[in-house]
Amino acid sequence: MRGVFLDKDKIPYDLVTKKLNEWYTSIKNDQVEQAEIIKTEVEKELLNMEENQDALLYYQLLEFRHEIMLSYMKSKEIEDLNNAYETIKEIEKQGQLTGMLEYYFYFFKGMYEFRRKELISAISAYRIAESKLSEVEDEIEKAEFFFKVSYVYYYMKQTYFSMNYANRALKIFREYEEYAVQTVRCQFIVAGNLIDSLEYERALEQFLKSLEISKESNIEHLIAMSHMNIGICYDELKEYKKASQHLILALEIFEKSKHSFLTKTLFTLTYVEAKQQNYNVALIYFRKGRFIADKSDDKEYSAKFKILEGLFFSDGETQLIKNAFSYLASRKMFADVENFSIEVADYFHEQGNLMLSNEYYRMSIEARRKIKKGEIIDENQPDSIGSSDFK
């Protein structure tokens, strides 16, 4: 006898599956280095694993999920993500995915579509994944799903749905001390929704708590995200100096890791400095942020930087602003349209340009109407992701 190795020393697939689960845990915790190490170990074991189709399919799905993680944590090219998606899409078309594997496909597809800012496609994929949650026994996996859905709804400014899913995730994560990281991420969503509800002081309190937990956990990207969110909150409170201080702290960390939130931080910092009329400083951040957005083919932030260019760094080229809003609207990013159109309207009002000011105020009202219409549509669809009972 030679222990557990059977079939001419082939590695039992259940041992490889255990290693795959460890890999997935590292991915969910955004532990890039650990995930890379385990991925390499898994790939070596697969070469000598006893035949098992489900284990191979699970590997391919996790490889896709791994690429999604890298696209956030290391600003990896979206093209790499597209290639990984095409591979698993072909597998799904062949009808090889059932049970948990099918759940993972739609769950990861939702993340992929959200990364591409295909918001409706993301919600559609999550809706199918939710219909298969009965296949999921692990409470932590359910909480992870609730968190991801809450993030999309937060992005779409669907506050009711976002808060409900975030709270469902929090209820589970708080029961496990080892999931402090996930708890912090959920708190980000709750606090972001408080900002959307104009409850800035409560949001700031949440973000400051998140910063404290992130520092205790010594997780740099969460520390940076906390500083970024605190900066955004101070921006809303019109405490621009404090906003700049926290955004700069976030920037220092994101620049080292090349995190995907680097562009967002540079954009916000540009805007905050411009609001303080520190145009020379703002221009430095603007050039850096626009360069990164263009280089990484980040169409969302390329458009947003055009808004700032039209307002502060051009000779009154208002067409830049119109083009940017056209792009955001075409992607159904109505929350961004509403927020920025109000800011632009206020700017033109201060400049005495009442015609443009009124145009953008009207745009904000129309965007708000579309956001509200989206909530009504979801509530009336029985198979909607937002129509389940919240407890």
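Every residue, even glycine, has its Cβ placed from backbone N, Cα and C.
The repeat 'TPR 1' feature in Swiss-Prot is assigned to 62-95. Counting only same-chain residues 6+ beyond the ends of the repeat 'TPR 1' (62-95), those with a CB under 8 A from a CB of the stretch are 20, 23-24, 27, 30, 32, 35, 39, 102, 104-105, 108-109, 111-112, 115-116, 221, 257-260, 262, 296-297.
Counting residues 6+ beyond its ends, the repeat 'TPR 2' (150-183) has Cβ neighbours under 8 Å at 28-30, 110, 114, 119, 122-123, 126, 139-140, 142-144, 189-190, 192-193, 196-197, 213, 216-217, 219, 222, 334-335, 338, 371, 374-375, 378, 385-386, 390-391 in the same chain. Residues annotated as repeat 'TPR 2' in Swiss-Prot, with sequence analysis given as evidence: 150-183.
Here the repeat 'TPR 3' (184-217) has, by DSSP, the following mix of helix, strand and coil residues: 31 helix, 0 strand, 3 coil. What Swiss-Prot lists as repeat 'TPR 3' is 184-217.
Listed as Cβ neighbours of the repeat 'TPR 4' (224-257) (distance under 8 Å, sequence separation of 6 or more from its ends, same chain) are residues 73-74, 184, 188, 191-192, 195, 200, 203-204, 207-208, 210-211, 214, 264-266, 268-269, 271-273, 275-276. According to Swiss-Prot, the feature repeat 'TPR 4' maps to 224-257.
Note: the repeat 'TPR 5' (275-311) comprises 31 helix, 0 strand, 6 coil (DSSP; helix = H, G, I, strand = E, B). Under the heading repeat 'TPR 5', Swiss-Prot lists 275-311, citing sequence analysis as support.
Long-range contacts of the repeat 'TPR 6' (338-371) within the same chain: residues 156-158, 304, 307, 311, 318, 321, 325, 328-329, each at least 6 residues beyond the stretch ends and with a Cβ under 8 Å from a Cβ of the stretch. The annotation repeat 'TPR 6' is assigned in Swiss-Prot to 338-371.
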Mind checking which residues reach the repeat 'TPR 3' (184-217)? Cβ under 8 Å, same chain, six or more beyond either end. 147, 150-151, 154, 157, 159, 162-163, 166-167, 169-170, 173, 223, 225-227, 229-230, 232-234, 236-237, 335
How about long-range neighbours of the repeat 'TPR 5' (275-311): same chain, 6 or more residues beyond its ends, C-beta under 8 Å? 75, 77-78, 117, 235, 240-241, 244, 262-264, 266-267, 269, 317-321, 323-325, 327-328, 331, 333, 336, 340, 344, 347
DSSP composition of the repeat 'TPR 2' (150-183), residue counts helix/strand/coil, works out to 28 helix, 0 strand, 6 coil
What are the DSSP helix, strand and coil residue counts for the repeat 'TPR 4' (224-257)? 31 helix, 0 strand, 3 coil
